[in-house]
Amino acid sequence: MTTAGRRYVVGYSGDKRSKDALRLGVALARASRGELELVHVVRTDDPFQPVYPPVGDVTPIIRRQARTRLEEAARTVPSDVVARTHVREHESVAAGLVAAAEELGAGLVVVGAGGGAGRFAVGPVVGALLHSSTVPVALAPRRYRGDAPLTRLYAAVGTRPGAHLVIDEALAAVERSGLELVLISFLSGEDGEDDGAARRAVQEHLERAAAEARRHQPVTVHVAAGRTLKQAVRDVDWVPGGLLLIGSSRLARGRQTFLGTTAARLLKHIPVPMVVVPRPARTEEN
Amino acid sequence: MNATDIQAPAQRDTDKGLSKGSVGLLGSVVIGVSCIAPAYTLSAALGPTAAEVGTRLPAIFLVGFLPMLLVAVGYRQLNRAMPDSGTTFTWVSKAFGPWLGWMGGWGLLAATILVLSNLAGVAVDFLYLALAQITGNDAIAELAASVPVNVGTCLAFVAAAAWISYRGMETTKVVQYVLVAFQLLVLLWFSAAAFGHVAAGTAYEGLTVRAEWFNPFGVESFSAFAAGVSLSVFIYWGWDVVLTINEETRGAATTPGRSAIATILVIVTLYMTIALAVLSYSGVSDQGYGMGNEEIQENIFAALAGPVMGPFAILMSIAVLSSSAASLQSTFVSPARTMLAMGYYGALPGKYARVTPRFQSPGYATIAAAVIASGFYAVMRVVSENVLWDTITTLGMMVCFYYGVTALACVWYFRREAFRGVGSFLTKFLAPLLGGILLLVFFVQTSYDSMDPEYGSGSAIGGVGLVFVLGVGILLLGVVMMLLQYRRNPSFFRERFETTELPVLD
């Protein structure tokens, strides 16, 4: 991972979510002196998608509109942030973004995830991206303003093997950006209500992880407890410039979906943008 | 390839837009067959065609293919020289100027809107038929005859298809293979069962196949011949997509020529088999299950599947229903893209050129197509006794018009290059010229004949045949719309717009 000129791919299509994503991209770039690559993926026709009766290919028109929208977007980027624009063609928007991130050597893909009812809604593009991305994916919540500069990084640490991957990623990010680091474990249900053994176990696990991390950076820890996950989320002192880093469920075993049950439910409740870290190519948990 | 597939290699700048996998011979045939939606087209067009040409049905299916093939050759040449989203609209504008180009585009739009409403209508019939077959309650099938129920269901179908299209959702390769395989299987099963009944003496009419069925000159009049060919132009409409698929695909596994021939063979064989099966089973009498019976003509499989396939008739309902539902969705793309291109070049108001950022689909144009198709169907369902029949006949006319004009545009556009060699002469001049003239002759003849109030299903408005009112009315409406657009934006009609024109090779 390079330190200077770190690149962030922002998935941009001109809709409201894209603008959320762009604001998050700007905030991230400012926090770590990164550069933005605004990528508009134009979907190409699948030959197995017949058009009856056959008519021409409209992608040239869509490509021209994409270029115009990207130029407009680039003009809204503050002058202290470097932003470049790219129109890419791909069968799927998600795969196009991943391909662009790999090609441009980007360390992160930023997309807008707000839609539907919640602040985050995993639509088809974001869903596919979460299943396929080889780099971390940052999700901008709906109507993300990006007014406050990023100041604090929350890293969600589970008790299952693989938690250290999230911590490693968090340490690298903190080193680049100088954000405060808070390790959080969420504890909900009956265990979250009392100060019993379960809570102590989680606290101990978290302290062990923090002790390891403190060799590199100052770290605070917090066990967010509550009867429900929603209440556990309220137990965290979220700052306006916060960012939550969370591992993909493939860090844990036996699940097909990228987001674990807890992570997916967290999406609904947390008030700050979220970065989902993928499993690395080598399977370390085994 | 589905959205979550990450095995695809990373795209480079150098291969922009060529991310499509190569389409092999089988794939091309599947795409070609899915584009003509055989279960739907046959169910809608067999009856009206048989009404015109009687037992010469197989002959007309063979002959009707010829003008379509000739025009498709020219279509392919134009597509290579001007790969533009506007197709007919752009090509005719370039060859004959903006006024004729606009009308060509209008003809294409009208045809796609007509087929949308017809598809939805057929889907409604089969939906209630399938429900009746599943529940064993025949009264449900009668619901399709109730105008409010029918129109309401049809609007729901159109709205659902428009929504899917608006969101830019696509059917996958696997779905296409399954749909096509299922349709072919059911249609062949139907044919085999029909021949079985004929052999066992249990068929309704039980005719033996005769050589004269294949003689196109046996059709009683030129009017009937022209009407039959117009209808068969409709049933073959769409197969020519195989000519352009592989050209857009680098590293194609097969040449367009080979896949086109394979698709043609599959389609013609299929249509011939079914035409013969239905003809042998039913005959052409105007009673009962005879193909001359007006009661069953506009949706023939709905009537015949039960007696022919017995308890398995439900399969036919599902085949036609899935075929028309899938086509309904793919048909939305067509008018929406044409309107997008026309809006983009200033031939329609600019809002038609709007692309929804999130779904990358022509949102305004898609909704406009849905509104027009629904409104058209609702009005027609009230005005006409046999709405499906009349729209199919008008549709045949409209396809003849815009394909004919496109073919002549090809001849004129390539007038300087056409005489450079035998190949150029055949593909850029002779084939499109013959095809274009044939289609326009059929268009004029059918238009003239359709003035008779007895024409087609026999619906009429003010003593003039409904098909004529529809066909000519739509074209006149096009002229009015064109003049309105001229007042709004005369620059399109005065200046030549720019499109990519590639140098002609070979």
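Counting begins at 1 with the first residue displayed.
Each residue, glycine too, has its Cβ placed from N, Cα and C.
Model, not experiment: these values are computed from the prediction.
Listed in TrEMBL:
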TRANSMEM  B:21-40  transmembrane segment
TRANSMEM  B:60-78  transmembrane segment
TRANSMEM  B:99-131  transmembrane segment
TRANSMEM  B:143-166  transmembrane segment
TRANSMEM  B:178-201  transmembrane segment
TRANSMEM  B:221-239  transmembrane segment
TRANSMEM  B:260-280  transmembrane segment
TRANSMEM  B:300-321  transmembrane segment
TRANSMEM  B:361-380  transmembrane segment
TRANSMEM  B:392-414  transmembrane segment
TRANSMEM  B:426-448  transmembrane segment
TRANSMEM  B:460-484  transmembrane segment
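By the Cβ criterion (distance under 8 Å, sequence gap of 6 or more), the transmembrane segment (B:21-40) is not counted as touching the transmembrane segment (B:361-380), fewer than 3 such pairs being found.
In summary, the transmembrane segment (B:426-448) does not lie against the transmembrane segment (B:300-321): fewer than three C-beta pairs, each 6 or more positions apart in sequence, are under 8 Å. Within the chain carrying the transmembrane segment (B:361-380), a Cβ under 8 angstroms from the stretch's Cβ atoms is held by residues 112-114, 116-117, 120-121, 151, 154-155, 158-159, 161-162, 165-168, 332, 335-337, 339-340, 343, 351-355, 387, 390-391, all 6 or more beyond its ends. The transmembrane segment (B:178-201) shares the most Cβ pairs under 8 Å with B:300-321, out of the stretches B:260-280, B:300-321, B:460-484. Looking at B:60-78, B:99-131, B:300-321, B:392-414, the range that has the most CB pairs within less than 8 A of the transmembrane segment (B:143-166) turns out to be B:99-131. When Cβ distances are compared across the two stretches, the transmembrane segment (B:60-78) makes contact with the transmembrane segment (B:392-414), since 3 or more pairs at least 6 residues apart fall below 8 angstroms. Here the listed stretches are B:99-131, B:221-239, B:260-280, and the one with the most C-beta pairs under 8 angstroms to the transmembrane segment (B:392-414) is B:99-131.
If you look at the transmembrane segment (B:99-131), the same-chain residues 6 or more away from its ends with a CB under 8 A from one of its CBs are 40, 43-44, 86-93, 140-144, 150, 153-154, 157-158, 161, 237, 299, 302, 314, 317-318, 320-321, 324-325, 327-328, 331-332, 334-335, 338-339, 342, 347, 369, 372-374, 376-377, 380-381, 387-388, 391-392, 394-395, 398-399, 401-402, 405-406, 409, 474-475, 478-479, 481-482, 485, 493. Residues 32-33, 35-37, 41-42, 45, 48-49, 52-53, 56-57, 60-61, 63-65, 67-68, 72, 115, 263-264, 267, 271, 392-393, 395-397, 399-400, 403, 438-439, 441-443, 445-446, 449 of the same chain sit 6 or more residues outside the transmembrane segment (B:221-239) yet have a Cβ under 8 Å from a Cβ within it. Remote same-chain residues near the transmembrane segment (B:460-484) are listed as 99, 102-103, 106-107, 110, 383-384, 390-391, 393-394, 397-398, 401, 446-447, 450-454 (criterion: CB distance under 8 Å, separation of at least six residues from the stretch ends).
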